[in-house]
Amino acid sequence: MQRLWRFNQRVGKWRAMRVIQQALTVVYPFILIMTLISAIGQSCLAPNGFFFHIYHIGQWLPGLTLWRQAFQVMGLVVNNVVAVMMTFATGYFLAKTYRRNELAVGLLSALAFLTLNVNYEVIDQAKRGGSQFVENNLGPQGIFLGIVVGLVVGWFASWFLQKLAHWRWFTRLTLTGRVAWLLVIIMAVMVLVGYGMSWLTTGGLNGLVYQATRAMITNPGHHGVMILAVTALNNFLWWLGLIGPVNLAGNATVNSLQNLATAVQQGSAWNVPHPVTLHTLGDAYANFGGAGMTLALLIAIWIGSTRAHDRHIAVQTALPNLVNLNQATLLGLPVLYNPILLIPFVVAPAVNIVLAWCAITWKLVPPMVYPMPQTTPGPLMAYLGTAGDWRALLLSLVCLTVSVLIYLPFVKLLNQLPEPAEEEEGEDHAA
Amino acid sequence: MRRKFIGWGLAIVAVLAIFFPSMAWMQTRITHYKTNYRTPLNPTILVPGSSASQDRFDALIKQLRQETKTAHSVLKVKVATNGKLSYTGSIRRNDNHPFIVVAFANNRDGYTNINQQARWLNVAFKDLVKTYHFNHFNALGHSNGGLILSLFLEKYFDQSPTVTIDRLMTIATPYNMESDSTTTRTAMLNELVAGRHKLPKKLTVYSVAGTENYSSDGTVPANSVSQGKYIFQNQVAHYTQITVTGDDTTHSDLPQNKQIVLLIRQYLLQETLPAKDRAVNQSRFTQSQAGEPEEP
């Protein structure tokens, strides 16, 4: 533990790490609001939302379509630019550490990120229609790439400005001229990269990253070890900000459909053809609150944390976590790029998968067969998905407890950290 | 301390407020799954007419394979006179729309034989359902095969309560046997009309007739085919009669007739036909619209 702590302190001193943490702090409120909106939208208003079903919201809420549209619009606005904001903030804070013109560098980073995600198919005159940017990549999915671009461009721009500061021709230029030249160079590079990428994939650079990871880890079949490895890798990628290469909440695979078919025809979930799949293990028992069992993290914070910052975030993100939307927790705490929390973030779901795997293969619990909405609260997922088998509920609670216990020592370790400085204060000091 | 109690109280209330409604919802949801569940496997059962073997539809299936991208697998069942089944071919894994041809060792024509064949079809059908666990299917009957299917649906289908039939297409099926009359009914038609109330209410029926001249396809009188209306009309959800003329419209050519293959694809298999194929069918039925621009 002490070693981990020292490692954390050392990593925390890295410039990139500090910059990422700062950027995440700035972006967090936006993500929080976005997640709250989509939590309500997806669980209470969407036709496959959990609360929508159990409280029969469609039957008594007047103007349902209007509500849906309103929430959709509000969700869209933030959701579609969150990675751009992250890129901007990363570039901004990095330039600030180099004492360069941080606003200009931040904007440059954001522009560079957008350039990488231009939808080249639309530029192609033959194919009309579609949006001008690959919108998917500008949302939470693009956070990892946003951070990378922010760091690279931020570093390059700072270096460029510094390097040329002594060059006579350059010093004659005004700030406008310098930034303009920089922009030209960065744009040229990014367009080249982006255009090159468009030959390989239609989803932008981000699409390429996702394609690669997906190809690596799709379809783990029904081998427990494979499922374990895939989930662990998936959680690690989430920790890096590569949100959702594998959709764990997959009801629609052939295996799940065959399970459902058998269960419906036999009237019980015991003798299905594929008792062990990513869905019956990962979805049902290792995804409470989303990837990494973040619901357990929140409970561990309530129990063991003395940091006001962590406790605030736990309260603020409780509702989204209840319906398995944990992006706000990941960015706010932050879990992302936090070496201490990486361990439980990967280990807790893995332990749960092993528990569920044993329980299912030893026929202690039936596997989950009925498709459930993705917004079903984690601990209820298996119980409802097995048509109300109390053993599944018991196993869910055991899994939750075990995860809380796994998270607890790490949360307590975080207590030693100082409270993060409020950003606005820092600004005042700088000025 | 007090705040902590309130917090715990709220948490417990929240858990209960989620738990009990979700249980109630789960019950309705599972009942819904059990009643409305449709298996991905959705076979098409083909029954040949009299004097034809289980290979009767080979030409049709070959043509369908050529025209559609998906190669449907074929399972052939032959029912012996003692009800014993012999299978040839197989349903390929992951093929959810296979063809199952059911043929009979005794494939002779005539009222008693056809009734017998309907009973044999039931034997084969129950075995198929037991083996492959499908709970809905489509059916295609050529000539007397349509009679066998209709009799099966009226007399034996209620023995398989878990299974529903979506669409039935009969090609040149003589509902009034070989009679050309529109007034006198043969025993077969009488039986079918008498039992029509037992036909599935949600069934969609297409009855295709071919005609070489104005009255017959060379074997089956057009009038006999159209007598099917007394069986299906107002009994099933939809009953559509289609007459095909032109090349290859003699009775035994009909299953591989180009137009009928298209009809099978469009109506029975519910494929989305390419525009040029759709146009062939549309111009045939709606001559008046031929000059109008095609729908996008």
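Each Cβ is built from the backbone N, Cα and C atoms, and glycine gets one as well.
Keep in mind that TrEMBL annotations are predicted by a computer and have not been checked by a curator.
Annotation comment: TrEMBL describes A:1-410 as domain 'PTS EIIC type-3'. Residues or ranges marked as transmembrane segment by TrEMBL: A:20-41, A:70-94, A:103-123, A:143-161, A:181-200, A:284-303, A:340-362, A:390-410.
Outside the transmembrane segment (A:143-161) by six or more residues, the chain places 16, 19-20, 23, 82-84, 86-95, 98, 100-101, 104-106, 108-109, 112-113, 116, 137, 178, 182, 185-186, 205-206, 209, 240-243, 331, 336 with a CB less than 8 A from a CB of the stretch. Taking every recorded stretch in A:70-94, A:284-303, A:340-362 and counting its Cβ pairs under 8 Å to the transmembrane segment (A:390-410), the highest total belongs to A:284-303. Per-stretch counts of Cβ pairs under 8 Å to the transmembrane segment (A:181-200) identify A:103-123 as the leading one among A:70-94, A:103-123, A:284-303. Here the transmembrane segment (A:340-362) has long-range neighbours at 4-5, 8, 224, 227-228, 231-232, 235-236, 238-239, 275-276, 280-282, 284-287, 291-293, 296-297, 333, 395, 398-399, 402-403, 406-407, 410, 413-414, meaning same-chain residues at least 6 beyond its ends whose C-beta is under 8 angstroms from one of its own. Taken together, the residues in the domain 'PTS EIIC type-3' (A:1-410) have a mean pLDDT of 82 on the 0 to 100 scale.
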